[in-house]
Amino acid sequence: MAKGEGGEQYSNASLLNKPVQSDGIKLARKHEHGNRLSVCNKLCYAVGGAPYQITGCALGFFLQIYLLDVAQLDPFYASIILFVGRAWDAVTDPTVGFLVSRSPWTRFGRMLPWIVLSTPVAVLAYFLIWYVPPFEEGKVIWYLFFYCIFQTLQTCFHVPYSALTMFISSEQKERDSATAYRMTVEVLGTVLGTAIQGQIVGMATAPCLAGPLDLAADMNSSLSVGLNATGRVISLDDTKKAYMIASGVICIVYVLCAIVLFFGVRERKESSRPRSEPMGFFQGIKLVMGHGPYAKLVMVFLFTSLGFMLLEGNFALFCSSTLGFRNDFQNILLAIMLSATLAIPFWQWFLTRFGKKTAVCAGSLSVIPFMILVVCVKSNLIVTYFVSFAAGVGVAAAFLLPWSMLPDVVDDFQVQNPDSTGHEALFYSFYVFFTKFASGVSLGISTLSLDFAGYISRGCTQPEEVAITLKVLVSAAPIGLILIGLVILYSYPITEERRQGNRKLLQELRDEADSETDSTELANMI
């Protein structure tokens, strides 16, 4: 009797344990499979980064020369538009990051609704930036208004998209792989933006006007008419239309990328990691800036990005005004971005082989000799192409490495503050805030410097003071800022050993949380 009862109990226990073990394996496989991203998912996620780079590249390279030579604004007013627009853009980043972090979860996720809803008005505002209104009074207000509106709405796209990295998978390996896809597509986006804007506009370069310096030198009167590379007469209206066509093409690409991102990526809700209670705006600032490694990383890339943005914002004007390559500057810019695209795999290998900190130092220093060479060598188109192509290798590091290091800082924060979660959008938004603030300062100061130097809008030649100012803006100033950033980088505390340690600790925390979740699910099944 006792034996029968025991055998029955053993049989019942075996029957009970058997499906539980099987279900446990199934749940483990389910979690492992759920964290994996297909190549299609990674590509769709990566495509979402293209709009920011395409529009940013077009605005960074061409907006200054557009406002001065096509819209024909005074350099002082152009500097106000560029600085205020970028400063406003910088302020909106932490604000949007704060709002995103407090957004409720929807059936589409928490980040994707921001991306989709901001897109239609953003492309309309972008198009109107490149439209010259048929009035003179209020033209400055027109550009300032639509520039600020576009920057705000693009922030509503880019901040959630940047934070989306942490929500497409809980596996760091998958996130790193998706980030590599994203970096490749973003650099291709810069090439696409430079190609679309540069090649379309390059076919209708704004005609220059002979000024007192040209007349004194008895220059050919055809300069006042304006000829393109084929000898066809180009009017200012042709140039205005070219800018509008280019902006229209970019707007179409922007919308298509947003659609691909929305339908190709699924945002994953991390049920095993409950979010912290929502915090106030200034409390959020104190939280992220109080984390030492994050503050140092932000300072490093504040200075280095300021240097590269000075180069980006003034290089087109330097090529056309100082070097005299008025009909070739768009091709020179394209050479830089093509070189940067080809160099991305090299830097990806370099940072895995020697570490991210070493890669930042090597990438930033590699561009300095070419910054010096481009202003020291006498104007020569072949030499300029060579220098630009070589400089693109360093530019690639500036694109790749900041976004590669930012997740490490977020992971470091999570290790030190395991009970404080759900703040990823704040870290990304404040980082974007500082980089955009640097961009606003660089564009505002550089355009204002040109005003003091006596820049002549649409002038076929410029005063010597303008040439000197542009050389400082594309060489001496960026080099000084990059070196300051590298000095700060020396004290950056997250080494490769610490990064790998954080990775293991976070994986253990996730495994423990997943194990607790599995146990709960199994208990419910029983």
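Placed from the backbone N, Cα and C atoms, the Cβ positions cover glycine too.
So that you can see what the record holds, here are the features copied from TrEMBL:
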type	residues	note
TRANSMEM	111-132	transmembrane segment
TRANSMEM	144-168	transmembrane segment
TRANSMEM	242-265	transmembrane segment
TRANSMEM	297-319	transmembrane segment
TRANSMEM	331-351	transmembrane segment
TRANSMEM	357-376	transmembrane segment
TRANSMEM	383-405	transmembrane segment
TRANSMEM	425-456	transmembrane segment
TRANSMEM	468-492	transmembrane segment
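Between the transmembrane segment (297-319) and the transmembrane segment (242-265) there are fewer than 3 Cβ pairs closer than 8 Å, counting only pairs 6 or more residues apart in sequence, which means the two stretches are not in contact. Most Cβ pairs under 8 Å with the transmembrane segment (144-168) belong to 425-456, among the candidate stretches 242-265, 357-376, 383-405, 425-456, 468-492.
Taking every listed stretch (111-132, 331-351, 383-405) in turn, the largest tally of C-beta pairs under 8 A with the transmembrane segment (357-376) is reached by 383-405.
Ranked by Cβ pairs under 8 Å to the transmembrane segment (383-405), the stretches 242-265, 331-351, 468-492 are led by 331-351. Outside the transmembrane segment (242-265), and at least 6 residues removed from its termini, the chain residues within Cβ reach (under 8 Å) are 40-41, 43-45, 47-48, 50-51, 54-55, 58, 66, 70, 108, 112, 115-116, 119-120, 122-124, 126-127, 129-131, 157, 161, 164, 168, 192-193, 196-197, 200-201, 203-204.
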